[in-house]
Structures are given as C-alpha cells and as structure tokens.
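Per Swiss-Prot, the features are as follows:
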| type | residues | note |
| --- | --- | --- |
| BINDING | His69, His109, Glu145 | Zn(2+) 1 binding site |
| BINDING | Glu145, Asp179, His216, Glu261 | Zn(2+) 2 binding site |
| BINDING | His182, Asp229, His231 | Zn(2+) 3 binding site |
Amino acid sequence: MKYIGAHVSAAGGVDRAVERASELEATAFALFTKNQRQWHAAPLTDEVISAFRLACEKHRYTPAQILPHDSYLINLGHPVAEALEKSRDAFLDEMNRCQQLGLTLLNFHPGSHLQQITEDECLKRIAESINIVLNNTAGVTAVIENTAGQGSNLGFRFEHLAAIIDGVEDKSRVGVCIDTCHAFAGGYDLRSEEACVNTFAEFERIVGFQYLRGMHLNDAKSEFNSRVDRHHSLGEGNIGKAAFSWLMKDKRFDGIPMILETIDPEIWKDEIAWLKSEQK
C-alpha cells in the first residue's frame, strides 16, 4: 500500500500539521518540527508532545507514514570546523525532537562543499556527521534526500548517496528519500515509463531499494539535467504525469511516505486523490 500526502504547515503547533494532513485525506505527511529558517527553537513541552501523539492516534497516522524534514540551515558537510559543529548540534536537536514526538525518520539535505573542500572530503564529513548523531540518539533513521545539485550541493548523483551510506557505521539507521524533481534536474530521466525503469534500475544498482525510506513527488519547472531546483504541480512540468502513475503501480514504493512538495497547496487534495486512483 502507498502512503501518499504532502508537506503540511505546522503553524500553530505540530499537532495542527496532523489535522491539516487529515483534511487533505492524506495517508502520509511531512512537517518541520521547528522553524526551518532558524537555528534555535524552544524545546518541545510535554503538552506539545502529547497533543501531537494524540492527534496521530486520532487520525491513525503511524511513524512509518510521517517524514519530518530538518532545517534548511544545516550543512553536515560544511568545510569550516565551527560551522560544521553548529550544524551537527542543530541536527542532533532535530533528531531528538523526532525521538520525543515518537517519529522514526528525519529527512535532510546532505550538504555543500562551498567550493572550499573536495567532493570526497565533503561526503566523508557528511557520513561522519551522521555517525556522531546516530551514536547520540536512538530509534530515528537519518534519511538523506537527493538534491538537484544547485551551487555546491552534493547528493545529486546516486553515487554520492552510496558514498555517504558506505561511511555510516549503523546502516540500519540510514536511508534515502528520492525527490523526483531533484533527480530529473540532476540528470536522471523520468519522462516516460521506460526512463523510469532505467533510472530506478540504476538506483537499485548503485544505492539499493533496501535504503529507500521516502519519496518527494514533484514535477519540475527546471529543465532536464539543469541542476536547478524548481518544483511544479504534477503533470504541469517537464516530467509529466507518466512517471507518477508508474510510481503508484510499482510495489517497490509501498510502505514509505510519498510526499508532495508541489507548488499549489490548493490542489494538493486533488493531486493526492489522483495518485491514489493511479494505484489500480
């Protein structure tokens, strides 16, 4: 069974994100557990934690259906020691927040070398950052998202994801999330069923489906292999609807959160309903 939803707002409290997901008739959702554009946030209170857990229970969302996202400020491959430390501390806080809320996944963008260190050195730092944080937490899997490769961001090649995983000691607590827009902008074709078959055969060969913990379902305003990250509504961009229909019919994508980050929240409910209908 597919878990399908969207990245919903947590404005007014994390429990409100659950309500918003339910209103969309979503079977999955993503959220930020704190303001994604700030380093620090007030600790989660017992009251907030309880409200979130009760809302999940009420609307029947299990941790397997929820894919929280970390702050955009974090760079686990930062070339500067002080900034790297700050990112690691912030990521540890994000993992702890997930643990407190009873969540088992945390999605994050791997990191950027900022033209100051080599790609290999940056990938090593990212793996080292994950090891440090996993050693200081329990029960939460670090989920690496592929990127479009804008600027000096790494993670746009499946080989980058494989290299990071290779450097992680506890492989039971590391996974990946594939964003369709990022993959397309990063040079992986998805414009036809045949292209999807080939792209995910490459994913299986280089990374492996055993590490797939989530998907971000986005069409692309950006051109193929442009290394530009611009999302679009399903069927409105350069990928087209065939890829999303194909994904819905492939059992390898069952049981993981599949999250819309498309550009028009007004049609999320319709997009979710369409995706559900394509499973047949």
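Each residue, glycine too, has its Cβ placed from N, Cα and C.
In sequence order, Asp70, Asn107, Phe108, Val143, Ile144, Cys177, Asp179 are the same-chain residues whose CB sits within 8 A of the CB centroid of His69, His109, Glu145, the residues recorded for Zn(2+) 1 being left out. Each residue contributes its Cα atom, and for His109 (Zn(2+) 1 binding site) and Glu261 (Zn(2+) 2 binding site) those atoms are 15 Å apart.
If you count neighbouring Cβ atoms within 10 Å for each of the binding-site residues His216, His231, the highest count belongs to His216.
When the binding-site residues His69, Glu145, His182, Asp229, His231 are screened for a C-alpha within 10 angstroms of the C-alpha of Glu261 (Zn(2+) 2 binding site), the residues that qualify, in sequence order, are His231.
Listed in sequence order, the binding-site residues near Glu145 (Zn(2+) 1 binding site) (C-alpha within 10 Å of its C-alpha) are Asp179, His182, His216, out of Asp179, His182, His216, Asp229, His231. Spacing of Asp229 (Zn(2+) 3 binding site) relative to Asp179 (Zn(2+) 2 binding site) is 10 Å (Cα to Cα, whole number). In this structure, the C-alpha atom of Asp179 (Zn(2+) 2 binding site) lies 10 angstrom from that of His231 (Zn(2+) 3 binding site).
Closest in space to His69 (Zn(2+) 1 binding site), of the binding-site residues given as His182, His216, His231, is His216, taking the CA atom of each residue. Proximity of His182 (Zn(2+) 3 binding site) to non-local residues of its own chain (separation of 6 or more, Cβ distance below 8 Å) is seen for Glu145, Asn146, Thr147, Ala148, Gly149, Phe156, His216, Asn218, Asp229, given in sequence order. Counted over every protein chain shown, other Cβ atoms within 10 Å are most numerous around Asp179 among the binding-site residues Glu145, Asp179, Asp229, Glu261.
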